[in-house]
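Features as listed in TrEMBL:
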type: DOMAIN; residues: 1-128; note: domain 'CMP/dCMP-type deaminase'
type: BINDING; residues: Asn42, Ile43, Glu44, Asn45, Ala46, Ala47, Tyr48; note: substrate binding site
type: BINDING; residues: Cys53, Cys86, Cys89; note: Zn(2+) binding site
type: ACT_SITE; residues: Glu55; note: active site, proton donor
Amino acid sequence: MTKDNLINEAIKIRDKAYVPYSKFPVGAALLTESGKIYTGCNIENAAYPVTCCAERVAIFKAIADGETKFSEMAVAADTKRPVPPCGSCRQVMSEFFQSDMTIHLTNLKLDIKTISMENLLPFSFQPEDMLEK
Ligand SMILES: O=c1ccn([C@H]2C[C@H](O)[C@@H](CO)O2)c(=O)[nH]1
Ligand SMILES: [Zn+2]
């Protein structure tokens, strides 16, 4: 699985986005350590805050399927710069991704920003923070 394949999957799944309100489709593709790809698109709701972003849909699909080890993610949207994930998605990513995991953020012109989990959400609240005193 190459970076380009993963990015293509993220771009392709945008076609499935349910975005009647924003008309802003986003796609995400998550690669497991075992080589499987879980894709996600954003799914909006008439009660706007109930919307779930593409990144979280992909992660939640994988978790619900029993996957826990991930190696790479790609996120794509029609933005001027590579699409920056929202704060909620960054927090969910940090729950499941190792700090050195690679995330490829892209737009449709294929301006790609590749960033580690640690750099995407530095000093993030972790499960261990509730244990260590
Ligand atoms: O990284 C992002 C940024 C935004 N959105 C969605 C949420 C909403 O449906 C629309 C506009 O914010 O884009 C995502 O899915 N991922
Ligand atoms: Zn988000």
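Just so you know, glycine gets a Cβ as well, placed from its N, Cα and C.
TrEMBL does not curate its annotations; it predicts them automatically.
Within the set of binding-site residues Ala47, Cys53, Cys86, Cys89, Cys53, Cys86, Cys89 have a CB atom less than 6 Å from some atom of ligand 2.
Taking the C-alpha positions, the distance from Glu55 (active site, proton donor) to Cys89 (Zn(2+) binding site) comes to 6 Å.
In the structure shown, the C-beta of Glu55 has more C-beta neighbours within 10 angstroms than that of any other entry among the recorded positions Glu44, Glu55. With the fewest other C-beta atoms within 10 Å around its C-beta, Asn45 stands out among the binding-site residues Asn42, Asn45. Excluding the listed site residues Cys53, Cys86, Cys89, the same chain places Ala54, Glu55, Arg56, Pro85, Gly87, Ser88, Arg90, Val92 with Cβ atoms within 8 Å of the centre of the Zn(2+) site Cβ atoms. Among the binding-site residues Asn42, Ile43, Glu44, Cys53, Cys86, the residues whose Cβ lies under 6 Å from any atom of ligand 1 are, in sequence order, Asn42, Glu44, Cys53, Cys86. Glu44 (substrate binding site) falls within neither a helix nor a strand when secondary structure is assigned with DSSP, and so counts as coil. The two recorded residues Asn45 (substrate binding site) and Cys86 (Zn(2+) binding site) have their Cα atoms spaced 17 Å from each other. Its Cβ placed at the centre, Ile43 (substrate binding site) has 16 other Cβ atoms within 10 Å. Confidence for the domain 'CMP/dCMP-type deaminase' (1-128), expressed as mean pLDDT, is 98.
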